[in-house]
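Novice: Okay, handing you the structure first.
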Amino acid sequence: MATETFLYTSESVNEGHPDKLCDQISDAVLDACLEQDPDSKVACETCTKTNMVMVFGEITTKANVDYEKIVRNTCRNIGFVSDDVGLDADNCKVLVNIEQQSPDIAQGVHGHLTKRPEEIGAGDQGHMFGYATDETPELMPLTHVLATKLGAKLTEVRKNGTCPWLRPDGKTQVTIEYFNDKGAMVPIRVHTVLISTQHDETVTNDEIAADLKQHVIKPVIPEKYLDEKTIFHLNPSGRFVIGGPHGDAGLTGRKIIIDTYGGWGAHGGGAFSGKDPTKVDRSGAYIVRQAAKSIVANGLARRCIVQVSYAIGVPEPLSVFVDSYGTGKIPDKEILNIVKETFDFRPGMISINLDLKRGGNNRFLKTAAYGHFGRDDADFTWEVVKPLKGGKLATA
């Protein structure tokens, strides 16, 4: 019987991409603030262009933070150690323009730190989405998982010397042929793999293609998804020597789909990096990922999306929504009731239940490259599945 299939694509960028560099600097600042003062209020933006990084925003903290040192260390650790590769961590200009959080916002959200956790209001209005699908062990879309892992592997083989010609900047993209199984997504095969990576002057395009196939694609993409029809575009522009902030300007919060679900589900538009957990752009998105993942892991649906929305200064969410795309074992209305009974969507309680005030150990820096979801790391507390009533993980 002929089955109707369709193509779907997700992209990723690795840690040397200028936008991702900015995300990582913003989250490194957040980590430093929270490590010394868990009640820090942080809204840290970063931008970069040739030979310059600027950190700006609103931060209220008791922490003693050396912003310039954080910027230089983060750039250096990524591999930006000379003008040749796109930025020189030790010699670039670092500009800092940080002010305190607006007292108007402070009184409305946390009462200048006088409110109890359950009273803390959302730091802003907005709506956030969580998504999960049973197509991978991570309960994430395979297009996104493979694009992200290719980017991480590019960085790994650059840093361990396997491919010494690699430079920090790079992008990946994966197209997969899917079958729609009554609302659930079933990957059939990888249709197209695209990698564009920064490189030095010494390497030929043929060498680039051979190394990428052998050391990046082969270890990442399971053989069962590749066939003789799979298309490979490996550095299709023909030259990518100039990269990093020298090639393109970078800005925090410009890779929000890469940070989440690769175009699947939905996105409320709010970025994550550089924001403390009173910012529901981040904490709200984390709790609805935990809810969506728990729904699928408990077998209540094969695929689902969860939305939550907030008003500034108000603790209780304005709305919670669940859609199982027709894959639910029980009606969506019942799943929604179980979600509302199980998860506390008030921002102050999200912070406690997901331990989001804990910085240090590169806790949030780790989230700022290669995705915030589907990661196997104890610091990613929102990836912990909760047993749900009527689900297969619920105790009798």
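Placement of Cβ uses the backbone N, Cα and C atoms for every residue, glycine included.
Take a look at what Swiss-Prot says about it:
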type	residues	note
BINDING	Glu11	Mg(2+) binding site
BINDING	His17, Asp169, Gly170, Lys171, Ser237, Gly238, Arg239, Phe240, Asp248, Arg254, Lys255, Ala271, Lys275, Lys279	ATP binding site
BINDING	Glu45	K(+) binding site
BINDING	Glu58, Gln101, Asp248, Lys279	L-methionine binding site
Novice: Across the record's L-methionine-binding residues Glu58, Gln101, Asp248, Lys279, the largest CA-CA distance in angstrom?
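Specialist: The span, Cα to Cα at its widest, is 30 Å.
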Novice: Can you give me the Cα-Cα distance between His17 (ATP binding site) and Lys279 (L-methionine binding site) in Å, rounded to a whole number?
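Specialist: Cα to Cα, His17 (ATP binding site) and Lys279 (L-methionine binding site) are separated by 25 Å.
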Novice: Taking every protein chain shown into account, which of the binding-site residues His17, Arg239, Lys255, Lys279 has the largest tally of Cβ atoms within 10 Å of its Cβ?
Specialist: His17
Novice: Do you know offhand how many angstrom separate Lys279 (L-methionine binding site) and Glu45 (K(+) binding site) by C-alpha?
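Specialist: Per the Cα atoms, Lys279 (L-methionine binding site) and Glu45 (K(+) binding site) stand 14 Å apart.
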Novice: So if I draw a 10 Å sphere around the Cβ of Asp248 (ATP binding site), how many other Cβ atoms end up inside it?
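Specialist: There are 17 such Cβ atoms around Asp248 (ATP binding site).
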Novice: Widest Cα span across the ATP binders His17, Asp169, Gly170, Lys171, Ser237, Gly238, Arg239, Phe240, Asp248, Arg254, Lys255, Ala271, Lys275, Lys279, in Å?
Specialist: 42
Novice: Which residues of the same chain, at least 6 positions away in sequence, have a Cβ lying under 8 Å from the Cβ of Lys275 (ATP binding site)?
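Specialist: The list for Lys275 (ATP binding site) reads Leu30, Val42, Ala43, Cys44, Asp281, Arg282, given in order along the sequence.
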Novice: Are there any residues at least 6 positions away along the chain from Glu58 (L-methionine binding site) with a Cβ closer than 8 Å to its Cβ? List them or say none.
Specialist: Lys41, Ala43, Ile98, Glu99, Gln100, Gln101, Ser102
Novice: Given a separation of at least six residues and a C-beta threshold under 8 Å, show me what packs close to Ser237 (ATP binding site) in the same chain.
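Specialist: Looking at Cβ-Cβ distances below 8 Å from Ser237 (ATP binding site), excluding near sequence neighbours, one finds Ser196.
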Novice: Please give me the CB contact count at 10 A for Gly170 (ATP binding site), counting all chains in the structure.
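Specialist: Total other Cβ atoms inside 10 Å, all chains included: 27.
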Novice: Based on Cα distances to Glu45 (K(+) binding site), point out the closest of the binding-site residues Glu11, Gly170, Arg239, Asp248, Lys255.
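Specialist: Closest candidate to Glu45 (K(+) binding site), judged by Cα separation, is Lys255.
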Novice: Near Glu11 (Mg(2+) binding site), which residues of its chain come within a Cβ-Cβ distance under 8 Å, counting only those 6 or more away in sequence?
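Specialist: Ala147, Lys171, Thr172, Gln173, Val174, Ile257, Ile258, Gly262 - these are the non-local Cβ neighbours of Glu11 (Mg(2+) binding site), listed in sequence order.
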Novice: Near the Cβ of Gln101 (L-methionine binding site), how many other Cβ atoms are there if near means within 10 Å?
Specialist: 22
